[in-house]
């Protein structure tokens with residue numbers, strides 16, 4: 001069997017029907033930024049708040065995805081690209097089911113984030129840059145990863161010996177180095193209410 005033999009199966013419930021029932025649009029909120037910038041913390045806090053207000057929402061977190069779906073991938077540039085490609089495809093499926101998908105991935109390469117944007121309709125991908133200076137992320141270092149990277153124990157670590165390409169025109173910037181978690185979370189929730197309601 002080849003890819004030509006595989007046919008896309010149309011669902012019996014359309015994205016528009018899901019959105020009508022959910023009373024909100026579906027979208028990917030792609031949180032990107034350095035390790036320790038607060039992506040997962042903000043994503044989960046916003047998801048909780050949105051869920052309590054009746055939104056259909058799911059968080060796809062980089063560490064959690066690497067425990068299952070992407071556990072076969074390392075951290076080379078090619079593996080990072082494949083990691084983002086796979087999660088982009090998963091996020092697209094949730095968007096088709098009327099869900100707001102909040103992702104929390106370093107996703108260091110602009111090209112990879114742009115490829116995910118191309119998977120969904122215009123306006124269904126929102127790049128959220130969780131901005132935080134490297135020195136602040138290193139001071140936070142909640143998982144001890146920066147220390148290990150500085151000691152040479154973790155190769156290809158973003159921000160240390162592998163580059164991070166900042167978004168050029170994100171839909172929203174959350175400066176977690178200057179704002180408290182609650183303020184960043186509130187701004188993300190407000191963004192959803194203003195653009196997806």
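Cβ coordinates are placed from backbone N, Cα and C, and glycine is handled just like the others.
Cβ-based neighbour count (10 Å, all protein chains) for residue 36 (ATP binding site) stands at 24. Under the heading ATP binding site, Swiss-Prot lists 33, 34, 35, 36, 37, 38, 39, 40, citing sequence analysis as support.
Contacts of residue 107 (active site, phosphoserine intermediate) defined by a Cβ separation under 8 A and a same-chain sequence distance of 6+ are given as 30, 32, 80, 84, 113, in order along the sequence. Reduced to three states, the DSSP call for residue 107 (active site, phosphoserine intermediate) is coil. If you look up Swiss-Prot, you'll see 107 marked as active site, phosphoserine intermediate.
Listed in sequence order, the residues 104, 106, 130, 132, 137, 176 complete the 8 Å Cβ shell around the ATP site centroid, once 33, 34, 35, 36, 37, 38, 39, 40 themselves are left out.
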